[in-house]
């Protein structure tokens, strides 16, 4: 059972009526442009300079892709946030779903009704549906957001792994109660995301007036360094689901609305195996981002703060350099992804890319397909394994 109690100085119902406001590049319109089944990659998304324009977390939200519908409570959206200014006398609440926030550049101080959380790159946080929060930044700031409608994030079922492994419950942190009894004579703005649109209202006091709380429906954060990696120790590949940190389940058993998957530093020891990810087509949509370092399957071109999208049944895999290097490498134990953290938002939905993602952001790498053009045919019908 999910429940929580908030002990407030004043109830949140005391506010002026909500009125529509500009949504900027935040959208739930998946039909802005024609579908594009191609492999897509974005260069690092631009962060506005504070000397040119002040942009806070809300005005810095940009929807890249998504599918489904918040009204029917079934779907997802993927956003970027790029900002340079803290939210002043303003908070945000998402009536549509949960935000899983992945900072990439710059830490963010999130004040919630439950307390404060400082979230740094290589950490994540989840702000669940309906929770009000404000974001302070400390310079030019960028990150990724996975939004799910109609389900909450939870730990994946471990099956034969047993009691311990992957993201352990003990490593998730929730905020300690913090409050301010503050009157705001000039007006405090509540921004509400509702049915894919933004609305705002005014009140004359801070919403962060919760003196105490209890329950199990809370915001929380997690340090990705605490992930207990499980990997193949003999030959071949395990399914990437072994790298799942959190999942939002659908009503179909074994099928996720969305998984949050990471590719952390680990040992590679598989024998008689092409160790990088295989070339494949997938019944899931794969949106990848890079927090830091170099992703092992594409060390050039895929940069921190950028992204890629490989849609349902669109082929993809390692670039030419990765293939050639790993096809001839001596298979000895080696560290993989040292100093790197790539991640994936994987979804059973066939996601549409927004006009901002395909055009307005001007960050789409239109030469991405070329990273596979030099792949050669190495097939030899007369090859036989050497005798031992």
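Keep in mind that glycine also has a Cβ here, set from the backbone N, Cα and C atoms.
Note that the coordinates shown come from a computational prediction; the quantities given were computed from them, not determined experimentally.
Here is what TrEMBL says about this protein:
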DOMAIN    5-224  domain 'Homogentisate 1,2-dioxygenase N-terminal'
DOMAIN    226-379  domain 'Homogentisate 1,2-dioxygenase C-terminal'
ACT_SITE  237  active site, proton acceptor
BINDING   280, 286, 316  Fe cation binding site
BINDING   295, 316  homogentisate binding site
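Burial estimate for the recorded positions (237, 280, 316): highest at 316, by number of other CB atoms within 10 Å. In sequence order, 308, 309, 310, 316, 344, 345, 346 make up the list of same-chain residues 6 or more apart from residue 286 (Fe cation binding site) whose Cβ falls under 8 Å from its Cβ. Each residue in 277, 279, 281, 282, 310, 314, 315, 317 lies on the same chain as 280, 286, 316 and has a C-beta within 8 Å of the C-beta centroid of that Fe cation site, without being one of the site residues. Between residue 237 (active site, proton acceptor) and residue 280 (Fe cation binding site), the C-alpha separation comes to 13 Å. For the pair residue 295 (homogentisate binding site) and residue 280 (Fe cation binding site), the Cα-Cα distance reads 17 Å.
Every protein chain considered, the tally of other Cβ atoms within 10 Å of the Cβ of residue 295 (homogentisate binding site) stands at 25.
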